[in-house]
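**Q** Residues annotated as active site, nucleophile in TrEMBL: Thr149. For Arg177, Ile178, Gly179, Asp180, Thr199, Gly200, Glu201, Gly202, the entry in TrEMBL reads substrate binding site.
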Amino acid sequence: MAGWAIAVHGGAGVDPNLPADRQEEAKQLLTRCLNLGIDALRSSLSAIDVVELVVRELETDPLFNSGRGSALTENGTVEMEASIMDGSGRRCGAVSGLTTVKNPISLARLVMDKSPHSYLAFSGAEKFAKQMSPIHMNGLPISIYAPETVGCVVVDSEGRCAAATSTGGLLNKRMGRIGDSPLIGAGTYAGELCGVSCTGEGEAIIRGTLAREVGAVMEYKGLGLQEAVDFVIKERLDEGKAGLIAVSNTGEVAYGFNCVGMFRGCATENGFMEVGIWE
């Protein structure tokens, strides 16, 4: 095995006029989350544990559009969604329509681990959360600034891949709208070969089953990770704008986007580390 690798994102499609202090804040948060994941990987935490840990940190900070930073719907309410997938055995969990759960990604993990289902939504997901003692319920202080979705992908030193994605959804979205983030194969996918988390125009990502497509072209076309990411961004988005981060089971890390910037960071066991926003 080539060792562990990790990547994080805080959304694609960045305002080109984003103030410099906001850019710096975003880079600092991404760096902090990367270092959290690196420390966990060095402590031999499994890939699935690391993606949950890192996305929880991203949800808890109000800077990006997930958890505390979630965008508001047309009614001024919050409808958060998230999904998580363990490439070992292709186990997954997803949630939508959450209004009072502090860390949607951890509820998605509990759906995967503690329920017979893969996906729970709205009142059913909230009821399940109340039955699960580790989940914290609260009234969230909401910030209006909401760039985009957050995500993390990890391959651990044993070659196990995992992916996790969490979002507050579109600003001013119609009530009940579900995007790509909680949809396995669209916003999130992990299998034996790779782990992928997407961000951008949800409807375009759903139509292109973007996350699964990366694994599919690696498997069926024999492409390498970065080749697969580039192919999918170029050939599967039609007119849509999006980005994604990915890791492979051999310790590679890759990302791609076709829009103005993507908040992102990545690191590998051999000491490589990068945090960026623009091309």
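Placed from the backbone N, Cα and C atoms, the Cβ positions cover glycine too.
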**Q** Near the Cβ of Ile178 (substrate binding site), how many other Cβ atoms are there if near means within 10 Å?
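**A** There are 19 of them.
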**Q** Using Cβ-Cβ distances, find the residues under 8 Å from Asp180 (substrate binding site) that belong to the same chain and are at least 6 apart in sequence, listing them in sequence order.
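**A** In sequence order, Ala186, Gly187, Cys198, Gly202, Glu203, Ile205, Ile206, Leu210 meet the Cβ cut-off.
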**Q** How many Å separate the Cα atoms of Gly179 (substrate binding site) and the residue listed as 'active site, nucleophile'?
**A** 10
**Q** To the nearest Å, how far is the Cα of Gly200 (substrate binding site) from the Cα of Thr149 (active site, nucleophile)?
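**A** So the Cα of Thr149 (active site, nucleophile) lies 8 Å away from that of Gly200 (substrate binding site).
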**Q** Give me the largest Cα to Cα distance among Arg177, Ile178, Gly179, Asp180, Thr199, Gly200, Glu201, Gly202, the residues the record lists as binding substrate, in Å as a whole number.
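**A** Value for the max Cα separation, rounded to a whole number: 16 Å.
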**Q** If you measure Ile178 (substrate binding site) to the residue listed as 'active site, nucleophile' at Cα, how many Å is it?
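**A** Distance between the two Cα atoms comes out at 13 Å.
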